[in-house]
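Below is one structure, written out as C-alpha cells; comments come after it.
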Amino acid sequence: MKKFDKLGLDNIKEIFHNLSYDELNAHEKANNEGLSTDNDTFCVDTGIFTGRSPKDKYFVKQDPSSKYIAWGKVNQPITKELFDKLLTKAKQELSGKKIYVQDVFCGASLQSRKAVRFVTEIAWQAHFVKNMFIRPSQEELENFKADFIVYNACKCINEDYKQDGLNSEVFVIFNVEENIAVIGGTWYGGEMKKGIFSMMNYWLPLENKLSMHCSANVGEKDDVALFFGLSGTGKTTLSTDPKRRLIGDDEHGWDDEGVFNFEGGCYAKTINLNPEHEPEIYGAIKRNALLENVVLRADKSVDYADASKTENTRVSYPIEHIENHEPSLKAGHPKNIIFLSADAFGILPPVSKLSKEQAMYYFLSGYTAKVAGTERGITEPQATFSACFGEPFMPLHPTVYARLLGEKIEKHEVNVYLVNTGWSGGSYSVGKRMSIKATRACINAILDGSITKCEFENFEVFDLAIPKALEGVESVLLNPINTWLDKNAYIATRDKLAHMFIQNFKRYEDVKEGIEFSKFGPKI
C-alpha cells in the first residue's frame, strides 16, 4: 500500500493493482456492473453519458503551458484553485473504498511513449483502460513510473458548478504542470481514451513529433499508409484490408523512426454491425472485449440494430483480437497519406492528388459534410470543418500540427491524396453515395502506386489534380461535373462549397502560417 501513498487517498479498503482480464471479469460480475452476452463478452451501460462531454473539458491555465495552449471553446481555461477544489472532491469520492489501479503505456515507440496510471472505483473502467492502451510486460510493470495520473471519480459531481462558472456538474480537467487529470460526473469510457490523446497532442509536438487522429496500416512491402477522416467517412472500414496489417485504427504518432500507434486496442462503433460487411470487428467481439450501451435480447445475444440507448454503441477490445494486425504497433515512415471526406454536396472528386501546400490546407480544413439523419426537415447537407481531422483533441494551435505534417511530407517524400467517400451526381437528395467498390478502387490505385502513372487534369476552382482514367472506376465519375445532369446547379453548389472553405479558413489567418496556407485553397 505504501507505494500508493502519493495518490493522496485516505482509508483505502483494498487496491486491485493491474488485474488480469479474468480477475477483472470476476470483479465486474461480483460488483453487478453489467451483463455477459451469449459469447461471454461483458456488456455495460455508461448511464446518461453515452458520448464525450466536450463542454465540460478544461485545462488549468498556468505557466509555462498557458502560452502554448490555443485557448477557446475547445480548450477552456480553469483556475488552479478550482482544479485543486475538484481534485480534492474526487479524491474524497475515491477514499474509503476499494479501488482499481491500472498502469499502461500510451505510444508504441520507446522514445515517445508515456506511462499513465488510472485510478477508478469501477472494475469495467479498469478493463476499458486495459483494452485501449498498451499493456506493459511483467518486467515493465515492476519498474513502472507514471508520467501522468488520471483520477476517474465518475460518481462525483460538482453541485457548485454555477457559482464556479462552469457549464455543468460534470468535469474533465487536465493539469499539464502537475501531470494529473481528474474526471467527475461522467461514466463514459471514451473520456479516458480521448483525454490521454489530448495530452499526447500537447506533449509530442513540443518534442517536434507529430500526433495524429488517423488510422494506419502497412503492406507486404512495408509501405505505410495513413487514413485521416472524421466520423462517418470510412476511416475504419477502408484501413481494414486483408492484404495489409493494421497498425491502429484511431491515434498515432510520427517521430524520427516512423509511425506508431498510441493504443493497444480499438474502440469501434457497433450500431448496425454486420458480420458480412465488417467481419474483423464482429469477430473481435468475444471474451475480454467490452461492449457499451448495446441492447441484449432475451437469449443474451446482442441486437446491434437497436439504438434505443444511443446511436453511439461501442466496443473496446485489445488489438490482438484483429487477426491481421501489426504486432509491434509501429512501422516506418508513410508512403501515402489519404484524407477522407464524405462530401454530401457531391462536389469533391472521388480522388485528387495534393501538393504539399494543398495538403496543409486540406489538413487544416478537416472537411466532411454530414446529412441530417436524425433531424427532421433538414434537406441541406451540413458542412463540418474540424482542424487536423480532430479539433476537439488538439490543445495547440492547429497550424503547429500542419507545419509538422508539412515538414514530414517533404522530408520523406510522401504522396498525399484527397478521397471523397460521399456523394456523386448531385447533393445527397439528388445524387447517390459513391460506391464502396469505386472508393476501394481509388484506395488500391494509391496503395499499389498505379495512380502515379495516370494522366491528370485540373479540377477547376479547387485547383486539384484529378486522374483522367483509373482502373476500376468509371471515367465519368472522376470529374464531378460530368455526373451532374443540371450543370448550372453544379456550378452554383461548387461555388457555394468553395466559399464555405474560404470562410472557414479565415480563422487560421491569425498566424503567418495560416495566411501562407490560405493561398492553396479554392478560388472563386
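Note that Cβ sites are derived from N, Cα and C of the backbone, with glycine treated the same way.
These figures come from a predicted structure and were not determined experimentally.
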Further binder of Mn(2+) named by Swiss-Prot next to HIS213, ASP250, taken from the candidates LYS194, LYS221, LYS286
LYS194
Say you check the Cα of HIS213 (Mn(2+) binding site) against those of the binding-site residues ARG52, TYR188, GLY229, THR233, LYS235; which is nearest?
GLY229
Students should find that the Cα atoms of TYR188 (substrate binding site) and ASP250 (Mn(2+) binding site) sit apart, in Å rounded to an integer, by 18
Out of ARG52, HIS213, ARG314, which of the binding-site residues has the smallest number of neighbouring Cβ atoms within 10 Å?
ARG52
Would you say which of the binding-site residues SER231, THR233, THR237 has the most Cβ atoms within 10 Å of its own Cβ?
THR233
Whole-number Å only: compute the distance from the Cα of LYS235 (ATP binding site) to the Cα of ASP250 (Mn(2+) binding site).
9
What Cα-Cα separation, expressed in whole Å, is found between THR233 (ATP binding site) and ASP250 (Mn(2+) binding site)?
13
